[in-house]
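K.L.:
Dumping the structure here so I can ask a few things about it.
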Amino acid sequence: MLLKVRKSKASGNVRIPGSKSHTIRALFFASLAEGKSEIQSPLISDDALSAVEVCRALGAKIEKEDDKYVVEGFGGNPEVPEDVINVGNSGTTLRFGIMTAALGDGCSVFTGDRQIRQRPLGPLLCAINNLGAEAFSTRNNGRAPVVVKGKLKGGRTEIDSVTSQYLSSILINSPLIPLDTEVIVTRLNEVPYVDMTLWWLDKLGIKYENHDYKTFYIKGGQRYRPLNVTIPGDFSSATFFAVQAAISGEEFVLDNLDMTDPQGDKMVFSILEDMGAKVKVEGKSVRIKGCELVGREIDMNAIPDALPAMAVAGCFAKGETKLLNVPQARIKETDRIHVMCEQLKKMGADITELEDGLVIRESRLKGCKLEGYGDHRVVMSLAIAGLNAEGETVIDTAEAVNVTFPDFVNFLSRCGADISTCE
């Protein structure tokens, strides 16, 4: 599917859909619990649906009722799946799911789409082995497909958490292991996502110790109680509208955003404000209006998902914008550092690729044919670039937006953007 975009203004009110990260965590916690849970206002997208199917395959009973999921959990004792588990494009689901499967007896096999089969799992597989279960890559390359055989027992492991999902997977599942677990963290990127996982553990009354994110102790033999939660809006999805407002001079009011939530991407609003945009928090809404932007040096380690959109913002900021300390952006759905540099250069951007980020200088962009590489955040970021570039921009693999934000095109169109899809 192609996404066609022409230079146009967009403004208005947008209700941001539920957080993908919270939705997937809620589904796993509810599945691991014993009893019935309700998840209100979840994100309905390809990634979230992948999590639903994985939890079902492991024994959870999940029904969609109006705007909520009702989950009957398996009490920390997952079933042996009837077939190979396919996580689609969801890296979070894969990394959480393989350790959940290791809580039970028997073998499970996990795979995913082409992008998933290229994303690393090695450190998490080693941790699973260190904690008493078995896990290995069928191609012996630390990537899916992987085979997992339970049961986890507990003990001590190190983890090189180049992606926070490795550590989060251990934190989510280890309370249900019979013995205590000690985790030595040799590297940790994306700390806010770990904070989100810890927020859930606190909410559910789990006993653990966090020693400055270097060492974690998790008491074994615990249980998750059923939960009744409402999923907050997704700051990662809000980022695209925030950047559109900031670079165009228009105004958006973005509803369903809770600034007290642990999501790291809420930092985007303070970054854009520091660059010159006008930002006002109004309860559970954020009002953002564009103004002349000035380039900044930004440490992106905590917010790697914002790199594609902030690369676009840098094209419209005076001077130079540096997006630094985010090497993990290279192991997302695509190598987002390389892909954004490559595609924005096609539009005329003055942009330089670094090992751990990008340097962008103010540029006049021109529409052209672009490759989205099937990466939802790349496609949506290039769409924002296209709305502010001369002429027409055509982006391929537009269907990728369904991974996290199926209504992205409709929302922008309703706000006045000249944007549409076609085969």
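All positions are counted from 1 along the displayed chain.
Using the three backbone atoms N, Cα and C, a Cβ is placed for every residue, glycine included.
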K.L.:
Looking at Swiss-Prot, which one out of Arg287, Arg296, Arg377 binds phosphoenolpyruvate in the same site as Lys20, Gly91, Arg119, Gln165, Arg336?
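P.N.:
Between Arg287, Arg296, Arg377, Swiss-Prot records just one in the phosphoenolpyruvate site with Lys20, Gly91, Arg119, Gln165, Arg336, namely Arg377.
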K.L.:
What binding-site residues among Lys20, Arg25, Ser164, Asp305 are found with a C-alpha within 10 angstroms of that of Arg336 (phosphoenolpyruvate binding site)?
P.N.:
Asp305
K.L.:
I need the most crowded of these binding-site residues: Arg25, Arg119, Lys332, Arg336, Arg377. Count other C-beta atoms within 10 angstroms of each C-beta and give me the top one.
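P.N.:
Per the Cβ count within 10 Å, the most buried is Arg377.
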K.L.:
Tell me, how many other CB atoms lie within 10 A of the CB of Asp305 (3-phosphoshikimate binding site), whichever protein chain they belong to?
P.N.:
25
K.L.:
Going by C-alpha positions, which of the binding-site residues (Gly91, Arg119, Arg377) is nearest Ser164 (3-phosphoshikimate binding site)?
P.N.:
Gly91
K.L.:
Cβ distance under 8 Å to Gly91 (phosphoenolpyruvate binding site), same chain, sequence separation 6 or more: which residues?
P.N.:
Ile116, Arg119, Thr163, Gln165, Lys332, Glu333
K.L.:
Round to the nearest Å and give the CA-to-CA distance linking Arg377 (phosphoenolpyruvate binding site) with Lys20 (3-phosphoshikimate binding site).
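P.N.:
Counting only the Cα atoms, the answer is 13 Å.
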